[in-house]
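The structure appears right after this line, and notes come after that.
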Amino acid sequence: MEVISNSLFVLFVCSFLSLSQQCTNPGYPFENHLSSKTPYRFVSNQSFDRILYEGCIPQKIWMLVRHGTRYPEYGFIEKMTIRLPEIKDLILQNKDLPNEYVKSRDVDVFQKWKPYVQLADKKKLVHEGEEEMLLLAERMQSRFPELFDSVYSNTSYKFKYTYSQRTHKSALYFTSGLFGRAAAKDIWFPEPSRKDPILRFYKLCTRWENDVKQNSAAQQERIIFMNGAEMSKTVQEINERLKMKKTLLETEDIIMMYDMCAYETAWNKLAKSPWCSVFTVDNLKVLEYAADLKHYWRDGYGFELTYKQACPAFGDMMNFLESKSRFPRVNVYFTHSGTLLKMLAHLGLYEDDEHLTAKNFDHMLTRKWRTSLIDSFGTNLAFVLYSCDSVDKLLVLHQEKIVRLPPCPDSDLCEVDKIKEFYGESLDSCDFQGMCNSTYTQRDVGEA
């Protein structure tokens, strides 16, 4: 899809919809409500400045990195290549506007719009994802030059990715950002595993897979919300705005348009996706909340098992940083949204005072658990070990921004001993097999 095509399509839709909030202000913050498909450029810390603390020297770093921006999954591509052109045609049929508002060239461009993603591209890293990884590596190297040497050594660095094209390519572009494209070709990576016990621990947790991920009862809050008043109002508003009368768009259509808005926004820096123009900010907040409910109850604080099962990854981090061996100094894992979200919850970050439910949308508009802000493409979590006058302390960065852990709410640097005490159960009683091989009862799922 050409950039100019998207731009003209947006002009057409804005003229058609007469949405003053969007069309008179092209910078309206739709990009803040795209859930886990948000591009990393919207949330990352763009600073290259070093992170220095008096009397403290960086010793090691351990990172989890979600892959960069990607193409959609197979099922979405298959459906949207048929349905979105149909919706576009319905919009054109219903435009009913005087010629001075919609120029013929705009309509022509709109008529030529079509999805260009092929089924063969499913979940592959896109150019934006490549750039996200390159720039992330460059910034981390600039912040911590003592750790990220510009010359690769198999002794100093450990890199690993999951069994997927998007994490593999993310690792390649990250290392290109550190060492240059030519040198990155010689980086050694271990053979990826389909069910890595650290990078994708939840793939080995049968109990979670059966009783949370695959259990509709665990998604009851999202199901109720999808059929509730806020979503019904949103669907009705969009149908009225698009002048749909004989053929009404359904909730599934609206979700598809929302997802395409997010994907095209992530893929293209230079032009706003036309599908974003059909939504008001209030519409986007409702759609974002529906997505947050899914991730909250599947990957976050909804069920204790979900975040407790991250203890192997947490233990791997602590073992690496506390190892008496000086090398490797850098450990970077390239993984997925599910790993990052469970790890954030395991740490106690972004926890709200109450659960996200179908009934408290209005009270949760300022919630901490917003995947648009905490789970973008390319999101990352870094633990940096500092030696401070012979006392070991940790600095935690989420999306390259300093976050404070619960045991040290008033300090950027947290003493390792405090962390070990606070997360003692995770470190000392990580019975992954025990927690993952038994089965929830239906009562457990409903009340967790």
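Residue numbers in this text run from 1 along the chain shown.
Just so you know, glycine gets a Cβ as well, placed from its N, Cα and C.
Over in TrEMBL, the protein carries these features:
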type	residues	note
SIGNAL	1-22	signal peptide
DISULFID	Cys56-Cys388	disulfide bond
DISULFID	Cys261-Cys276	disulfide bond
DISULFID	Cys408-Cys414	disulfide bond
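For Cys388 (disulfide bond), the nearest of the disulfide-bonded residues by C-alpha distance turns out to be Cys408; the candidates were Cys261, Cys276, Cys408. For Cys414 (disulfide bond), applying a Cβ distance below 8 Å and a minimum sequence separation of six or more within one chain yields Lys393, Leu394, Leu395, Val396, Arg404, Leu405, Pro407, Cys408. If you take the Cα of Cys261 (disulfide bond) and the Cα of Cys56 (disulfide bond), they are about 45 angstrom apart, rounded to a whole number. For the pair Cys56 (disulfide bond) and Cys276 (disulfide bond), the C-alpha distance works out to 47 angstrom. Within 10 Å of its Cβ, the residue among the disulfide-bonded residues Cys56, Cys261, Cys276, Cys388, Cys408 with the fewest other Cβ atoms is Cys388. Under the DSSP three-state reduction, Cys388 (disulfide bond) is assigned to strand. Annotation note: Cys408 (disulfide bond) sits in a coil segment as assigned by DSSP. Cys414 (disulfide bond) carries a strand DSSP state (E or B). According to its DSSP assignment, Cys56 (disulfide bond) is in a strand.
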